[in-house]
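> Structure provided below as structure tokens; questions to follow.
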Ligand code: UDX
């Protein structure tokens, strides 16, 4: 069976390499010739665990990449994995998706095809795509992904469910075609959820919005915990012992970032609005997240120094989460901007070199150039901490493993603001540090 995958971003590249590892003949398609060239020479264009070594195994064997859509002609199945970024109003921007659909139309030929929508799309999009392709021998299936950045390849091979949205759940032939693609998982007992298009599209948004709501919920509780002197880590731990709540996604901090949660929560809220439905909880999840970093700056950092102008801070962690190079909606970057706008000098560090590079580029190439004059990105933690007036943890790396007894001799003022509640405050205090967490003492 020949499979085309349109889009070689965070979803498409994982889908192409994953399917080739499952033994299918896969052609990845992207308009970006530079990416195509790199991928065909076995170089991954993403910072993803395992991906490059797997890519090298299958490239020019049963996996190739091209900028030509003609390969669709030979394929039985076409996965659409193009980006659906947020537009200026918070809606999902579908221009890349519809452009890919037009290309499919052009090269579809007369053999029946199954077009699989893996991109995260507003509810009702599959129905619109079917309408566009109504004169062609095409079945449209919704098959949302639940991949976490940085470990997406692992998530591809360890799905907790496979969701297939179809026009007609009685259409066994189409469903069985996708079950053949995902047979490896069916044999492992991974449950399939067969539904309508709209149900499948909503499962994706509702799943992400709920995870984001869990984070905003614990972040809201953390501010109260802060005031009443409760310990938010213990609150979260004890809550999670109830299997109806579950222990994950209850880590309070300066909020969630990334290319998914912020975008998907906003887009779901906009979908409610388009049906004149108020989305109180979804809007609350978003507004809590939008204010959490500022709250941390005002109530922890500024409260301690009064005025941060001229003070130098080490900001540890730059990407939106550990072990990625992705700065999209990173709360660390948001916090750096707040510090710089308040006249502080910032020394930034991240264990991932590409995250450091991306930060340097961000402040030299974009409109934040003027802010960038007071920002210095260092390659070593020691250099970052040298002579600073305060230390800020902004990404949830396990910074605890560093030797804080030794590092204390480098700093001007041993004060730690733990924006992700990941540090062992008891040990730090015993070493002579002043420690501030969020709802954590
Ligand atoms: C998320 C979903 O987890 C994934 O299922 C979906 O397919 C894509 O979006 P990702 O964006 O890669 O994945 O990141 P994730 O690991 O979920 O973390 C998102 C953000 O939430 C990060 O900024 C992280 O720091 C923050 N977070 C996570 C918290 O603040 N608290 C938590 O308890 C967990």
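Heads up, the Cβ atoms here are built off N, Cα and C, so glycines get one too.
According to TrEMBL, the active site, nucleophile annotation covers 260. What TrEMBL records for 30, 35, 84, 120, 149, 263, 328 is NAD(+) binding site. The substrate binding site annotation in TrEMBL covers 146, 147, 148, 149, 204, 249, 250, 251, 252, 253, 257, 321. As annotated by TrEMBL, domain 'UDP-glucose/GDP-mannose dehydrogenase C-terminal' applies to 314-425.
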> Please find, for 30, 35, 84, 120, 149, 263, 328 as listed binding NAD(+), the greatest distance between any two Cα atoms, in Å.
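Among the residues the record ties to NAD(+), max Cα distance equals 24 Å.
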> Just give me the nearest neighbour of residue 149 (NAD(+) binding site) among the recorded positions 204, 257, 260, Cα to Cα.
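Of the recorded positions 204, 257, 260, 260 has its Cα closest to that of residue 149 (NAD(+) binding site).
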> Among residues 146, 147, 148, 149, 204, 249, 250, 251, 252, 253, 257, 321 annotated as binding substrate, what is the maximum Cα-Cα distance? Answer in Å.
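Per the listed residues, the maximum Cα distance equals 24 Å.
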> What are the non-local neighbours of residue 146 (substrate binding site), defined as same-chain residues 6+ apart in sequence with CB under 8 A from its CB?
155, 159, 160, 161, 204, 207
> Can you go through the recorded positions 30, 146, 260 and pick out those with a C-beta less than 6 angstroms from ligand 1?
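Close enough to ligand 1 are 146, 260.
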> With residue 257 (substrate binding site) as the reference Cα, tell me which of the binding-site residues 84, 120, 328 is the closest one.
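Nearest candidate: 328.
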> Within 10 angstroms of the C-beta of residue 149 (NAD(+) binding site), what count of other C-beta atoms is obtained when all protein chains are considered?
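Cβ-Cβ neighbours of residue 149 (NAD(+) binding site) within 10 Å number 21.
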> Pick the one among the binding-site residues 148, 204, 252, 263 whose Cβ has the fewest other Cβ atoms within 10 Å in this structure.
148
> So which recorded positions are near residue 148 (substrate binding site), with CA atoms within 10 Å, out of 35, 120, 260, 263, 328?
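If one measures from the Cα of residue 148 (substrate binding site), the recorded positions that come within 10 Å are 260.
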> For residue 35 (NAD(+) binding site), what is the secondary structure state per DSSP, taken as helix, strand or coil?
helix
> Which of the three DSSP-derived classes (helix, strand, coil) applies to residue 204 (substrate binding site)?
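Once the DSSP labels are grouped into three classes, residue 204 (substrate binding site) ends up as helix.
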> Rounded to the nearest angstrom, how far is the Cα of residue 252 (substrate binding site) from the Cα of residue 120 (NAD(+) binding site)?
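For residue 120 (NAD(+) binding site) versus residue 252 (substrate binding site), the Cα atoms are 27 Å apart.
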